[in-house]
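**Student:** Have a look at this one before I ask anything.
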Amino acid sequence: MSASEYKRQAAEFAAEMVEDGMVVGLGTGSTAAFVVEALGRRHKEGLRFVAIPTSVATEKQALGLGIHLTTFGEHARVNLTIDGADEIQRGTLNLIKGLGGALLREKIVAASSDRLVIVADDTKLVDHLGMKTLLPVEVTSFGWEATARQIERLGGQASPRRNRDGAFFVSDGGNLILDCRFPVISDAKRLEQEIRSIVGVVESGLFVGMATDAIVAGGEGIAHLTVGA
Ligand SMILES: O=C[C@H](O)[C@H](O)[C@H](O)COP(=O)(O)O
């Protein structure tokens, strides 16, 4: 079975966790898109919920499926957010997110969620963050070079993300993303604090202590992981 099929399996499983009357956070990326698709189906079958999307792309997809959207002006808390991730650390469920460029809105929604459920295929599970992927850091476009130098003082190599045409990638929030290569991250909480204390950093793709559950699908079936398990 392909990685895409495993992503779909994890997404379908997680979409069943949404209950009538919930405020739901909708993640971004290829796995989260399967969740939105499944929730569109459940909405047509009569499930009543409202949703807060974490990107313009997800907003468009949800609206196209007739899902009712809401805002933090109307709801202070989100009951359940379902989102993808680029790496999931076994045990802690600490994450690297943002390869799709949506990390700022994703983190705002995650921070207001009672439960953050991550959906992924099993290639995303790692023993230590930074083993497979770069760490995205969203920064203001003004002075990004100075911000990158400060990140490099922490031991990472920071490069601005570019589109295929060579132009800088610009996030939904109008910022740049620095993709940072760190040696394997042994203390995610500390690195997260250090990166966030740099002037010019808007948000980092390290999500520490935020995920409550991970639904991971692979050749051995679907696993429902919780912190510590
Ligand atoms: O900015 C993008 C998000 O953090 C995604 O959830 C993450 O990159 C995983 O994406 P995918 O499900 O496409 O692998």
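Every residue, even glycine, has its Cβ placed from backbone N, Cα and C.
Those TrEMBL annotations? Automatic predictions, nothing curated.
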**Student:** Of Lys60, Lys124, which one shares the substrate site with Thr28, Gly29, Ser30, Thr31, Asp83, Gly84, Ala85, Asp86, Lys97, Gly98, Leu99, Gly100 in TrEMBL?
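**Tutor:** The record-listed residue among the candidates is Lys124.
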**Student:** Near the Cβ of Leu99 (substrate binding site), how many other Cβ atoms are there if near means within 10 Å?
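**Tutor:** Result for Leu99 (substrate binding site): 20 other Cβ atoms within 10 Å.
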**Student:** Drop a 10 Å sphere on every Cβ of the binding-site residues Lys97, Lys124 and tell me which sphere holds the fewest other Cβ atoms.
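**Tutor:** If we count Cβ atoms within 10 Å for the binding-site residues Lys97, Lys124, the smallest count is at Lys124.
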**Student:** With Cβ-Cβ distance below 8 Å and at least 6 positions apart along the chain, what are the contacts of Glu106 (active site, proton acceptor)? List them in sequence order.
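**Tutor:** Looking at Cβ-Cβ distances below 8 Å from Glu106 (active site, proton acceptor), excluding near sequence neighbours, one finds Gly27, Thr28, Thr54, Ser55, Asp83, Lys97, Gly98, Phe207.
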